[in-house]
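*Asks:* Input: one structure, supplied below.
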Amino acid sequence: MVLTRSLARRGHAAAWARDAAEALARAAERPARILLDLNLDGDSGLRLLPALRAASPDSAIVVLTGYASIATAVEATKLGAVQYLAKPAGVDEILAAFAQQTANPELPVAPQPMSLRRVTWEHLQRVLAEHDGNISATARALNMHRRTLQRMLAKRPVKS
């Protein structure tokens, strides 16, 4: 809601949706831009993205997440997002993402190899996405205890 007020102060019409159902209802109004958080109340923004794209095919969709990973960025762009931002993202950064939208966005290439910690994070995110965010199923697939996985996911990765 803070973001909605910040956008309104800058002269942008903005509406906030509490959950996936409300987001779909707002998408039916065919807004020019949609900012989608991957962590919705009880749902996943990745699962909602195709429905938003179908409800409002001409809308530019920018995905915002607190747990950015290459796997989710790739999946989001495959599903129709024009940009992918990691939190915390300010209003200027969000507006710039909409301004830079392209039909075929490219992920930035890392100038140096990723650290072991970052590679581990990316692998966890990829396996988690394959299991639709189910922690128990992901832990079984990774052959680790569920609590260990939860602790690993609670830690944010380093930048490289």
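From the backbone N, Cα and C atoms, a Cβ is placed for every residue, glycine too.
Summarising the annotation, TrEMBL assigns domain 'Response regulatory' to 1-102. The 4-aspartylphosphate annotation in TrEMBL covers Asp37.
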*Asks:* State the count of C-beta atoms found within 10 angstroms of the C-beta of the residue listed as '4-aspartylphosphate', not counting that atom itself.
*Replies:* 16
*Asks:* Helix, strand, coil: count each for the residues of the domain 'Response regulatory' (1-102), based on DSSP.
*Replies:* 45 helix, 19 strand, 38 coil
